[in-house]
Amino acid sequence: MSDTINLTRRGFLKVSGSGVAVAATLSPIASANAQKAPADAGRTTLQYPATQVSVAKNLKANEPVSFTYPDTSSPCVAVKLGSPVPGGVGPNNDIVAYSVLCTHMGCPTSYDKSSKTFKCPCHFTEFDAEKAGQMICGQATENLPRVLLRYDEASDALTAVGVDGLIYGRQANVI
């Protein structure tokens with residue numbers, strides 16, 4: 001007695017097609033019964049710390065004040081520009097803050113009082129302090145990260161509460 005099966009091409013296609021049809025029929029039933037993962041599965045939401053930067057009355061026009069935010073390895077600067085700007089806070093809506101790390105290669109920028117820009121000495125990128133850190137010229141492809149400030153009229157305190165944009169060299173601003 002021989003244990004071999006004589007299968008023709010036509011027979012093979014019929015058996016294979018039947019198997020595919022059964023799998024296609026059962027697949028939606030199995031996926032309907034599968035447990036759905038929550039929409040935010042695998043995501044972690046980290047809160048920015050609230051850190052007092054300065055008191056508004058202590059800031060002088062075009063005199064940058066250094067601080068670190070959201071942690072001690074992130075140098076930032078707050079500047080009173082002297083005229084109201086979009087996103088500005090304080091009694092005259094003229095106080096802004098930025099990370100000083102250039103978004104191109106992470107070199108520290110410096111504030112230029114005459115042009116109200118942040119200039120990177122490494123590759124000559126310039127960022128406009130009056131226009132939300134917008135890149136004016138140079139190698140960077142992103143604006144300078146803006147530190148979000150909250151102003152409390154009662155205490156005149158300026159508090160950093162977040163960052164708009166990714167600080168150079170990070171996958172997330174809060175670590």
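Glycine residues also receive a Cβ, built from the backbone N, Cα and C atoms like all the rest.
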Mind checking which of CYS107, CYS137 has the disulfide with CYS122 in Swiss-Prot?
CYS107
Can you tell me how the residues of the domain 'Rieske' (62-158) break down into helix, strand and coil by DSSP?
3 helix, 40 strand, 54 coil
Need one number: mean pLDDT over the domain 'Rieske' (62-158).
96
